[in-house]
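Heads up: the structure comes next, in structure tokens.
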Amino acid sequence: MKTLILFSTRDGQTREIASYLASELKDMGIWADVVNLHRAEEPDWDSYDRVVIGASIRYGHYHSAFQEFVKKYATRLNGMPSAFYSVNLVARKAEKRTPQTNSYARKFLMSSPWRPDYCAVIAGALRYPRYRWYDRLMIKLIMKMSGGETDTSKEVVYTDWEQVAHFAREIAHLTNKSSAK
């Protein structure tokens, strides 16, 4: 069994989550290729039993390359077991960590031609020292308005790694379902 994990990241946390998922899956005997969606050519879909795509939010939007990829390959994505994870800082609040309660994930899923079998909303990381001055200022303003961390000397990882491990187990279950057909 082999899994394709594609990610769209801006500051690296979505890639970290993709790598963690691959490690968890490997521990379950499932091999995974982790690929940056921004650098990916068309996947060899037939080489994989399922696909997972992760995408991060910046200033309220997913990267356009992610949106275009999903539109271009929706038929392929819908034709195999698939999962989606959204990474954003709103999800640092536990009540905003489901596709139903997270507005970014909900809007994407409602408008997307892709219908993943399983979805997760995962909190990202706040990495002020790594941001350009403009991003640091804007993100600080957003965090102040939403009651988040505003100390620009800090890096805070909000990702709940046990939630990511649970997501990996759900992904493994998707593979088992598809092989039972």
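Start at 1 and count along the chain as shown; that gives each residue its number.
Cβ coordinates are placed from backbone N, Cα and C, and glycine is handled just like the others.
Here Swiss-Prot flags 9-13, 84-152 as FMN binding site. A simple way to gauge crowding: the CB of Cys119 (FMN binding site) has 21 other CB atoms within 10 angstroms, across all the protein chains here.
Marked as domain 'Flavodoxin-like' by Swiss-Prot on the basis of sequence analysis: 3-172.
Non-local contacts of Ile139 (FMN binding site) by the CB criterion (under 8 A, 6+ apart in sequence, same chain) comprise Leu126, Tyr128, Tyr131. Each of the binding-site residues Leu89, Leu109 was scored by the other Cβ atoms within 10 Å of its Cβ; the lowest score goes to Leu109.
Other Cβ atoms within 10 Å of the Cβ of Glu149 (FMN binding site), summed over all protein chains shown, number 17.
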